[in-house]
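Trainee: Just lifted these from Swiss-Prot, have a look:
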MOD_RES   M1  N-acetylmethionine
MOD_RES   S15  phosphoserine
MOD_RES   K55  N6-succinyllysine
MOD_RES   K70  N6-succinyllysine
MOD_RES   K75  N6-succinyllysine
MOD_RES   K75  N6-acetyllysine
MOD_RES   S98  phosphoserine
Amino acid sequence: MAPAKKGGEKKKGRSAINEVVTREYTINIHKRIHGVGFKKRAPRALKEIRKFAMKEMGTPDVRIDTRLNKAVWAKGIRNVPYRIRVRLSRKRNEDEDSPNKLYTLVTYVPVTTFKNLQTVNVDGN
């Protein structure tokens, strides 16, 4: 049997989820909307991008930039791009009466090719 853990051994450090950070990701939309009907593809793609941002950044408040919306809808409701490069920025909420201290802003990053792209941390600017 594994030894029992003692209750009072928690570290008192800042959680990384409270840090303000910006990262660039490539999202494979194609696998996320596989099997979705034609008239629901672009709306579902935006929902999946929102879900991805929620999972990666850990904030329930996700805001999608209008340029990203236009990029997803550029080829119509049916023909959504296979992949998309996005910048996720976890930011402090200026609105005091909001229940969430942080929100995630998702912006579009235009790229010519998706070959050899990694997830990268971007300096906060």
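Keep in mind that glycine also has a Cβ here, set from the backbone N, Cα and C atoms.
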Trainee: Give me the count of other Cβ atoms within 10 A of the Cβ belonging to S98 (phosphoserine).
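Mentor: That number is 11.
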Trainee: Rounded to the nearest Å, what's the C-alpha distance separating S98 (phosphoserine) and K55 (N6-succinyllysine)? Just drop the number here, would you?
Mentor: 20
Trainee: Where K70 (N6-succinyllysine) and K55 (N6-succinyllysine) are concerned, what is their Cα separation in Å, rounded?
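Mentor: Checking the Cα atoms of K70 (N6-succinyllysine) and K55 (N6-succinyllysine) gives a distance of 23 Å.
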Trainee: How big is the gap, in Å, between the Cα of K55 (N6-succinyllysine) and that of K75 (N6-succinyllysine), rounded to a whole number?
Mentor: 27
Trainee: Please report the three-state DSSP label of K70 (N6-succinyllysine).
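Mentor: Once the DSSP labels are grouped into three classes, K70 (N6-succinyllysine) ends up as helix.
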Trainee: Residues with Cβ closer than 8 Å to the Cβ of K75 (N6-succinyllysine), same chain and 6+ apart in sequence?
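Mentor: Correct list: P81.
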Trainee: Hey, does DSSP put S98 (phosphoserine) in a helix, a strand, or just coil?
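Mentor: It is coil.
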